[in-house]
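Copied over from Swiss-Prot:
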REGION    26-79  region 'Disordered'
COMPBIAS  51-77  compositional bias 'Polar residues'
COILED    125-220  coiled coil
COILED    276-359  coiled coil
MOD_RES   Lys354  N6-acetyllysine
Amino acid sequence: MDPNPFIYCTCCDCCKLGQPKLIKTPYPLPKHPTGKFKPVLPPPISKEHNSLLSQPGKSTVSPRDKVQSGNTESSKAPSEVIQVSPGYTLIRNREQISVTLGDEMFNRKKHLESDVLSKVKFSRTDIISDLQEQIAELMAIIEQMNRDQQSALKLLSKDLDLRCSNMKQKFETESRELKETHREELERLENNYKEALKAEKALAEEKLDKMSKEYKYLKSMFHVFQDSIYEEMEDKWLRRKAEWEKDEKMEREKILLQQKCRIIKKFELQSEEKKKKMNESISAVSDNFAREKEELLRQHDEDILQIQELRKSKEILEAELRAQATVLETLNTNLFQCQKELERQKTIAANLEKLFQTKLAEAEEKHKYNIKTPTEENNCLRC
């Protein structure tokens, strides 16, 4: 007789990383002719087996359970020991759940079948509850991902709009400041030029007044000298009066013409110098304005490139969001398929439970019949 009767171990996924798995029992389930699995009950306990199980502290563990216990000891995972009933011990940790049956379990002959049924129901309910918990957690994760994506999209759109508005305001303020500075510089240069022109004009008028005063003074002195020597040289002057007047007139005109030419040349030179200075200042101002304009245009081009890059990044983010939306759709379809699979597993479990109950009833009737026939034979022999 096999010393390991009906040991069943269920591994649960405590970290919720995958579907829970069932470890096979030492007794394989033979196939029914209809294609379904037929549960195998433990064989009846004989006297020899009771004599072998006389020690109360021993527990029957399959080789697979020994390997699992060695793995748990090596990984040093914390385990929880639950005493379900006398002779029925449940050991649970993060990786698996193991069940140990002792001698006290085999002493209960009358309640053996009901205990087996309760174990099977317990394991099935554990599997169903684990699947339901996994589905609930998956739904919560999907909802959290949807909320995170919506909040991230809103934050990115707000940040992009804020950056665009800041850049536009900065460009407008800089262009306004440059226009104001340029206008102020032009006004300042015009005022300086007007003031310089007024000063030069006043200086020229002052020089002209001074020269006219000198000319009048010389003319008056000449008339006084002429009057003083008029009597002495009247005869000479009478003879040479015409020549002298003519020469005087020509000389005066010549002197006036020379002075006029000299003043005109001097004024032309000064005006040319002023024009050169004015042209140089205007060219310098125009060069500065051109450089500032080029810098502004270059900065405007850079701002346009930055705006284009931001638009590209926005398109990339929108593409990523669309990809994540497709992933969410696939997750929803997988969730729907898992729900359908869970319903199908529930129906299969209910059918297996019904089949197990019928087989158990048949086995009980057969066992009663097998007990009844020897008792009748014993009664007949006694009689």
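We number each residue from 1, going along the chain as drawn.
Yeah, the Cβs are placed from backbone N, Cα and C, and that goes for glycine too.
When secondary structure is read from DSSP and collapsed to three states, the residue listed as 'N6-acetyllysine' falls in the helix class. Within 10 Å of the C-beta of Lys354 (N6-acetyllysine) we count 10 further C-beta atoms, all protein chains included. Confidence in the coiled coil (276-359), given as mean pLDDT, stands at 86.
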